[in-house]
Number of protein chains: 2
Amino acid sequence: MIEYRSIRVGLLGAGSVGSQVARLLLEHGDELAQRIGARIELVGIAVRDVDAERDVELPRALLTTDADALILGSDIVIELMGGLEPARTLVLQAIASGADVVTGNKALLATHGPELFAAAEQVGAQLSYEAAVGGAIPILRPLRESLAGDRVERILGIVNGTTNFILDRMDTTGASLEDALATATELGYAEADPTADIGGYDAAQKAAILASIAFHTNVPVEAVHREGITGVSAAQVDSARRAGFVVKLLAICERLVDAETGEEGVSARVYPALVPREHPLASVRGANNAVFVEASAAGPLMFYGAGAGGVQTASAVLGDLVAIARRHVIGGPGMAESTHAELPMFDIGRITTRYAITLEVVDEPGVLERIARVFSEHGVSVEQLQQTVSSGSERATLVIGTHEATESALAETVTSLAENPVVASVASVLRVEGTL
Amino acid sequence: MIEYRSIRVGLLGAGSVGSQVARLLLEHGDELAQRIGARIELVGIAVRDVDAERDVELPRALLTTDADALILGSDIVIELMGGLEPARTLVLQAIASGADVVTGNKALLATHGPELFAAAEQVGAQLSYEAAVGGAIPILRPLRESLAGDRVERILGIVNGTTNFILDRMDTTGASLEDALATATELGYAEADPTADIGGYDAAQKAAILASIAFHTNVPVEAVHREGITGVSAAQVDSARRAGFVVKLLAICERLVDAETGEEGVSARVYPALVPREHPLASVRGANNAVFVEASAAGPLMFYGAGAGGVQTASAVLGDLVAIARRHVIGGPGMAESTHAELPMFDIGRITTRYAITLEVVDEPGVLERIARVFSEHGVSVEQLQQTVSSGSERATLVIGTHEATESALAETVTSLAENPVVASVASVLRVEGTL
């Protein structure tokens, strides 16, 4: 039995992830010590109210409400409280006290990332956050380190398990959004208040983090264009399926060059989109996550796995912890944050994409021509157009697929279509992504 | 324009990967310098014969036949010559001269890994080899670092693009192995001598590397059980498809516990197996690779991408190079190799798996009973049995699916089936893996 030196770890938060991190640290201490060359000593777990802690697995002796004292007595601090405050203050305290920090707090990073990184860089502290995106899936480290010599052009990510479960269920059972959400809540895939998930806020935070790392620049969450899935109907999912597509909520990060000015920039956006059935992302089922990366040399890569769950996410936290602990053993600073290349953010209007538009139109001669004119007037070229007339109705249904055009041109097209007298209603507007 | 210090890089080999590495280093020098904080200076490219170099992209001035001098003048040496010698000698020279080394040479690592790692550890040199497995796919770094706090239980890998292309083609077109191989050769997916690929030798080397990293132990390539795809017939692929399976050549690395003795060990093996269509690995098409990892906390993860190709693999080489170069800038030793836990290798006989066996039997009363007895005699329980009699024939076809049993029991069962008078022929024997 080797006598290892010990590294003091303070854990902030004992929720679904925190309690699993504590359990794994206590159960696998010997194995981890062997891999690290030092013993991880869990010195304390800061919680709001010790008596309120129901998790029987947690040793009572480790629980404390004094986070400040815990931080001062820790070499490495793991922040898993979630939310902005007091998380932000405590992480800054930890960094100031000379500790390295592991966090899975995506909201904190997407909102206060630059402040935290600056503080860490100043004192040469490590700030790791693999668990913040994609749960158990190793995605941030591969993006930052494995692809460091390559050039990431585009990321298409299914980064929110709740919405993927809902959309998958709508696709497989034909359920409505409401029913699928109800099932997700029953099965514990959705929170009591599902706004953060179905509103795309959670995905937008992850998109900001992914884009910042992939493009070596700073992408604030406010700069991420965000559309949730609340507008997705069973009819849309059904016609998508019949057309060979599946509706997925995508977090898209893209390197762009302005066609006119030649200006380089990046875009980060979240919206439900049509994905071809043959695309690897289409086969991501249930609450799973996957991040599809297109790099100029590596080509397409996909990282797939459980995007949430206490024990799964704990795996990512421990990965960061072991990496930092090993550096404590072998000495030397950690992996330097790559220099940031502050690229401008392109707003959604400058993005080019393809649309699938479904219109209810009056069934009379010349309608097709008038609709086609609306598209050409806005410089949007139609790739395919399908008209179906239900017998005995004065209405016809038009499904129009466009070629690539700018969001602004497509938006204007949709607006004037809605105003056009021959158009009874714009039934559905969806973007098409992940073209093969 | 910042003046960066420069890091001297010597490249050994200018083949499909080497020439792409050189090109990317020369074309993206500024971008890499910004990310690293130092300039990568490609000081030379060692080739066998300067005049024989047809690659016009390579600056003639950089070409040299004096590898020894190049190594002495390099801070980092990139070995992409392939083969065992002189690669082994030159890598050891580079390490001895104080240089860090990046290699994509799987044969070298699978054969001389321990010797090279020991040499590197002794002088504190870095030896990185992400490109050796899965081409462009970041898999070794995630296994070693991201999952360092987790426990990898099992790896199912499609790690040879040539055989996956061939099996995929047999599955989609019904082609014979010969025809599919011919197509692969035409399209450049197979070498003139395809033995290393279709014989499973390439996959076995990768299995040895994956198992060594995943289980923190040393798995020599000789300890990897290897079966190629030469025995896979169009009929097998066809009946697999009709039964909802696809035939894939799998590299399997497993953590095992002996049922009787409770002894812990690992297994590494390569063979063609039936994979359910719903399994993520079944959707890996063409020459792509994918590594499916089951970790006890993270659950199932999959890493997917291009398993070969000059520029794709160059991406992995550059990732290793940038990581090492950054450490040259910020100082401090590299990531320590985790302590090795020398686990015993379990030979194939101790592995438990499931079989799908197709028999041609004489069509007479009592045959089923006699076949069933053979299985029970060897303690193998039958999960399903399907008999088809073609009219007017005295022969019947039996397809038998077994429950999990040890390889040895299953092998003995097959042997005595072949000897049984009622069995005309054992038409097909395939293992079933990746059960969902």
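Glycine is treated like the rest: Cβ placed from N, Cα and C.
Automatic, uncurated: that is what TrEMBL annotation is.
Just so it is clear, the model here is predicted, and its values are computed rather than measured.
Annotated NADP(+) binding site per TrEMBL: B:Leu12, B:Gly13, B:Ala14, B:Gly15, B:Ser16, B:Val17, B:Gly18, B:Ser19, in sequence order. Residues or ranges marked as NADPH binding site by TrEMBL: B:Lys106. Residues annotated as L-homoserine binding site in TrEMBL: B:Glu191. What TrEMBL records for B:Lys206 is active site, proton donor. Sequence annotations record features per position, and here TrEMBL assigns domain 'ACT' to B:356-431.
Neighbours of B:Glu191 (L-homoserine binding site) among the binding-site residues B:Gly13, B:Ala14, B:Val17, B:Ser19, B:Lys106, defined as a Cα within 10 Å of its Cα, are absent: none qualifies. B:Lys206 (active site, proton donor) is 18 Å away from B:Val17 (NADP(+) binding site) when you measure Cα to Cα. The distance from the Cα of B:Lys106 (NADPH binding site) to the Cα of the residue listed as 'active site, proton donor' comes to 7 Å.
When pLDDT values are averaged over the domain 'ACT' (B:356-431), the model yields 90. What surrounds the NADP(+) site, by Cβ distance within 8 Å of the Cβ centroid and not counting B:Leu12, B:Gly13, B:Ala14, B:Gly15, B:Ser16, B:Val17, B:Gly18, B:Ser19, is the set B:Leu11, B:Gln20, B:Val21, B:Ala22, B:Leu80, B:Met81, B:Gly310 from the same chain. The two recorded residues, B:Lys206 (active site, proton donor) and B:Ser16 (NADP(+) binding site), have Cα atoms 19 Å apart. Shown in sequence order, B:Leu80, B:Met81, B:Gly82, B:Gly310 are the residues of the chain, 6+ apart in sequence, with a C-beta less than 8 angstroms from the C-beta of B:Gly15 (NADP(+) binding site). The most crowded of the binding-site residues listed here (B:Ser16, B:Ser19) is B:Ser19, judged by how many other CB atoms sit within 10 Å of its own CB. Same-chain residues at least 6 positions away in sequence with a Cβ under 8 Å from that of B:Gly18 (NADP(+) binding site) are, in sequence order, B:Leu11, B:Leu12, B:Ile45, B:Ile78, B:Leu80, B:Met81. Counted within 10 Å of its Cβ, the other Cβ atoms near B:Val17 (NADP(+) binding site) come to 25, all protein chains included.
Same-chain residues at least 6 positions away in sequence with a Cβ under 8 Å from that of B:Gly13 (NADP(+) binding site) are, in sequence order, B:Ile45, B:Ala46, B:Val47, B:Glu79, B:Leu80, B:Met81, B:Gly82.
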